[in-house]
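Visitor: Right, I'll just put the structure down here and ask away after.
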Amino acid sequence: MGDVVLMHFTTADYVIFALLLVASTGIGLFYAFSGGRQRTTQEFLMADRSMSCLPVSLSLLATFQSAVAILGAPSEVYTFGTQYWFLGCSYFLGLLIPAHVFIPVLYRLRLSSAYEYLELRFNKTVRICGTVTFIFQMVIYMGVVLYAPALALNAVTGVDLWGAVLVMGLVCTLYTALGGLKAVIWTDVFQTVVMFAGQLAVIVVGASQAGGMAEVWRKAVNGSRISGLDLNPDPLERHTFWTLGVGGVFLMLALYGVNQAQVQRYLSARTEKEAVMSCYVVFPCQQIVLCLGCLMGLVMFARYGEDSPLDKGYVKTNDQMVLYFVMDVFKDLPGLAGLFVACLFSGALSTISSAFNSLATVTMEDLIKPYFPNMTEAKATLLSKGLALVYGLVCLAMAYLASIMGSVLQAAFSIFGMVGGPLLGLFCLGMFFPWANSTGAVVGLVAGLAMAFWIGIGSFLMRMSDSMPVPPLNTTALPLFDNMTATVMTTLVNATRPRLRRSGVEALYSLSYMWYSAHNSTTVVVVGLLVSLLTGPMKEKDLTPGTVFPVMGTLLFFLPERYKEKLCCVTPLSTPQKSKEIQPYQMAKKDGNGAALCKEDTVTEDKEMESDRAQTEEEDDLETRAALPSCQLAGHTVEETVF
């Protein structure tokens, strides 16, 4: 085993890296001093709900394509082959369901925070529980996502560790706090282009040095790195078609369906149609990103074969191996290594800027505004900017904590994956099961989080106590997969040693990390429904119109009407109870943009609301005369009943 080999940056590399930071800051300053100059919370937190489809979709992509994923996917494919590519199969349902279920419901309710939905559907307690869970998840996560790539870069190139962390953290905080969501989205677009350019450069140059793509493919086939379709249904197997293609759907839903960072982007779109289209545009982009990661791993294998830099001792961990490969490929091409590092840090910047902005939004909308309803718009905007700044500084503090936590760093990443599933379960409980009540929602969320931490910590401790040698849990051993979804604790360790058959509780601890989200969200739904039925299910008249997606009425079409009424299976939108309750839905329908009302618009809005009320009463009168049993409406199409 040799000593760790340091590669060095050239001046051209530093110049390209600096250009990334300058351009990102420039975009933030542009939006700080142009247009509305971020004077309202609507502009600062929601980009005035004026964004078009393309920037929203590229921002959706960039938010969850972080440095960890850029480093992780190639090393996964290099080590284990292309089985990981089947994750692409989960993108179909993982993006179609948010586009046609979550976006229509959330967009029409004219929300700023996804957790406002929980108050409309359940009550304030459930909203606060959801918000606090999300803040806990993001705060732990964002420091690690900033520190991790800087640590890998420092290990391979000797670039000053804390210099890189501070520069990235401060630049990101600056443009997020000054330019608001518009700056975050447009820097994401720029950073996505840089990410694609950096990865493409590595693949093109690396493949040509290896003798062309045909030669790369030949070596991969000979080295058994091209995987076939593994249909093994065992949920304990780390990667099979089912764990990736089906378990991955739940991971995607936790990200693209209910995560505030993504929901905020949907809600910033000009119209509901543009929000839905952005989901469709993300799909091919996600497939391209996945293919680039897999191709990079195959090019690495063509260069090193089974004799990896990790085995030779040139680097200590998998993520460093990818950086070593990049520096090795570009050693005679000044500037290109800088481009890849810019690509790497674009991933980190886009993720943490989204974290700052979404955290500022939920803190403002869920924890401050409800208790200070008379706060002026100017004060609220200033406070929102202050919150973004504070979260930026918290991120640097968390990066420092990550540096002293050692192997606990992996557990920090795991917490992110563990919390995503229960939050998905909470939203599904509210959106699909009309009889679920607030008690069931709170108990279900607590049960889901308890289950998540039990499995996560149990699997971690099981491996720690195992007599078999385990790869060192080094501070840079990061997750191999989409950073926001991966639960690290079952990845590197499980993959690098023989599979032992477990039984009982140990089998639960050995569950593939790809099933965590599905398992934990199902726990929330099952417990939530049982508790709701025991404590008195929700009645149809108590539901806020527009908060339930009418899937149950359609699925349970065979039940007698009296049972359907008991189970509250009729969409509340079809028979609104009071004009007051339906106001958010009516307003959203009337104003496609969904922009929230400014104080000066209230007089005009009152007049409009009067005409809305009159119209609603007229419709109610007609419905009463028609005297249709409400359950008959349940069989209608989704468009007729909800939208």
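Backbone N, Cα and C define each Cβ position, glycine as well.
Pulled the feature table from TrEMBL, pasting it below:
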COMPBIAS  593-616  compositional bias 'Basic and acidic residues'
REGION    593-630  region 'Disordered'
TRANSMEM  14-33  transmembrane segment
TRANSMEM  53-72  transmembrane segment
TRANSMEM  84-107  transmembrane segment
TRANSMEM  128-149  transmembrane segment
TRANSMEM  161-181  transmembrane segment
TRANSMEM  193-214  transmembrane segment
TRANSMEM  239-258  transmembrane segment
TRANSMEM  279-302  transmembrane segment
TRANSMEM  336-362  transmembrane segment
TRANSMEM  382-402  transmembrane segment
TRANSMEM  440-462  transmembrane segment
TRANSMEM  513-534  transmembrane segment
Visitor: Going through 161-181, 279-302, 513-534 one by one, which has the most CB pairs that fall under 8 Å from the transmembrane segment (14-33)?
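Guide: Per the Cβ under 8 Å count, 161-181.
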Visitor: In the same chain, who gets a Cβ under 8 Å from the transmembrane segment (193-214) while lying at least 6 residues past its ends?
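Guide: For the transmembrane segment (193-214), the sequence-distant neighbours (Cβ-Cβ under 8 Å, at least 6 residues beyond its ends) are 20, 62, 65, 70, 288-289, 292-293, 295-296, 299-300, 302-303, 325-326, 329-330, 333, 336, 339-344, 346-347.
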Visitor: Sequence gap of 6 or more, Cβ distance under 8 Å, 3 or more pairs: do the transmembrane segment (279-302) and the transmembrane segment (161-181) meet that?
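Guide: They are not in contact.
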Visitor: In the same chain, who gets a Cβ under 8 Å from the transmembrane segment (84-107) while lying at least 6 residues past its ends?
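Guide: Tertiary neighbours of the transmembrane segment (84-107) are 73, 76-77, 114, 117, 227, 229, 239, 241, 244-249, 251-253, 255-258, 262-263, 266-267, 269, 272, 275-276, 279-280, 282-283, 286-287, 290-291, 294, 427, 431, 480-482, 546-547, 549, 588, 594, 642-643.
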Visitor: Cβ under 8 Å to the transmembrane segment (382-402), counting only same-chain residues 6 or more beyond its ends: which ones?
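Guide: That would be 38, 41, 44-45, 139-140, 142-144, 146-148, 150, 165-166, 169-170, 172-173, 176-178, 180, 352, 355-357, 359-361, 363-364, 368, 375, 409, 412, 475.
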Visitor: Grab the same-chain neighbours of the transmembrane segment (336-362) for me: Cβ-Cβ under 8 Å, and only residues 6 or more beyond its ends, written as numbers and ranges.
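Guide: For the transmembrane segment (336-362), the list is 7, 9-10, 12-17, 19-20, 24, 45-46, 59, 62-71, 112-115, 131, 134-135, 138-139, 141-142, 145-146, 148-149, 153, 164, 168-169, 171-173, 175-177, 180-181, 184, 187-188, 190-192, 194-195, 197-199, 201-202, 205, 259-261, 264, 323, 326-327, 330, 384-385, 387-388, 391-392, 395, 483-484.
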Visitor: Taking contact to mean 3 or more CB pairs closer than 8 A (sequence separation of 6 or more), are the transmembrane segment (128-149) and the transmembrane segment (239-258) in contact?
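Guide: Answer no, regions not in contact.
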